[in-house]
Amino acid sequence: MSQLTDGFGRSFPYLRLSLTEACNFRCSYCLPDGYQVDGRPRFLQVDEIARLVRAFAALGMSKIRLTGGEPSLRKDLDEIIATVAAAPGIRKVAITTNGTLLPRRLPGWHRAGLTALNVSMDSLQRERFRTITGHDRLPEIEQGLALAQALGLPAIKLNAVLLRGLNDDELPQWMDYLRDRPFSVRFIELMRTGDNEAYFQRHHLRADVVIEQLLAAGWHERPRAADAGPAREFGHPDHRGSIGIIAPYSRDFCKGCNRLRVTAKGDLRLCLFGEFGVPLRPLLQRDDDHDALLARITTQLGLKAAGHGLHQGQTGLTPHLASIGG
């Protein structure tokens, strides 16, 4: 088994695979007007996903994260998870979801082979959550998290986008929340995309502000593993949970890049904010194209840039995060 590496010595054991661009939320930082259907989109089907995952696994990838849009909107998600989990070499199957369907569907995903769960949870306060997401669904999400614990899922993470003036005063509440819960909360610095320039200027908060508050409250940064991603992890001896900071505008953010992305329509994206996508779908129709698919992936990886260009105001092809799943 080979190992995917780029020209800057970074290795890539991790694929983020979008299953759909559709989403049932209207998050103010992503899709404030809701998902707008463009014609009749045809997203990757199970047989195409199987060929795609087998190829990346053959190149050394061991972790697949299923994203959206909102991946739980796929009626065939149980089958997709089982297909991904069955691929030789895949050891971890994760999903990022808004969590509203967890109470109904999580047991099926778990039986199919799901090993890790990320839930978007931008506020612990119900009214604020409704304001940010456009939906009053926090109770269902909390019920789903309790179910995930009961099922024994070994990795449960919560994602919260930092929003100045909307949720930036909740850190003490989050600390209290993590005192007895073994979750990892990821605070994500708001990123500029093609559709959110005015929103970004109004609500962007540098992650350094949160890091300073964590250190002042007695939290300590944990050593970063050699194969870790870009998150900086913090722990506290009096808390079961941990806090991660994802700061795309930090100087060394891209040094820790360890993931590639494939869109719901089958385009390989070397970077969340890249200027181009590489069509893989034509090589996902037949098993006989496996070697050609491997060659296309490895060749294109040689074109991956050292950084994302956000400091220069570049947002690439990404109109909003729902289009590629973050």
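Heads up, the Cβ atoms here are built off N, Cα and C, so glycines get one too.
Residues annotated as GTP binding site in Swiss-Prot: R16, R65, T96, K157, R259, L260, R261. In this structure, R261 (GTP binding site) is part of a beta strand by DSSP.
C30 ([4Fe-4S] cluster 1 binding site) falls outside any helix or strand according to DSSP and counts as coil. For C23, C27, C30, the entry in Swiss-Prot reads [4Fe-4S] cluster 1 binding site, with the evidence type sequence analysis.
According to Swiss-Prot, the S-adenosyl-L-methionine binding site annotation covers Y29, G69, S120, M191.
When other Cβ atoms within 10 Å of the Cβ of C257 ([4Fe-4S] cluster 2 binding site) are tallied across all protein chains shown, the result is 22. Summarising the annotation, Swiss-Prot assigns [4Fe-4S] cluster 2 binding site to C254, C257, C271.
Per Swiss-Prot, domain 'Radical SAM core' is recorded for 7-232, and the stated evidence type is sequence analysis.
The two recorded residues, C271 ([4Fe-4S] cluster 2 binding site) and M191 (S-adenosyl-L-methionine binding site), have Cα atoms 14 Å apart. The distance from the Cα of T96 (GTP binding site) to the Cα of S120 (S-adenosyl-L-methionine binding site) comes to 7 Å. Each residue contributes its Cα atom, and for L260 (GTP binding site) and C30 ([4Fe-4S] cluster 1 binding site) those atoms are 21 Å apart. For C257 ([4Fe-4S] cluster 2 binding site), the nearest of the binding-site residues R16, C27, C30, R65 in terms of C-alpha separation is R16.
Comparing C23 ([4Fe-4S] cluster 1 binding site) with R65 (GTP binding site), their Cα atoms are 17 Å apart once rounded.
Cα spacing between R259 (GTP binding site) and C27 ([4Fe-4S] cluster 1 binding site): 25 Å, rounded to the nearest whole number. Nearest neighbour of K157 (GTP binding site) by Cα distance, taken over the binding-site residues C27, C30, S120, M191: S120.
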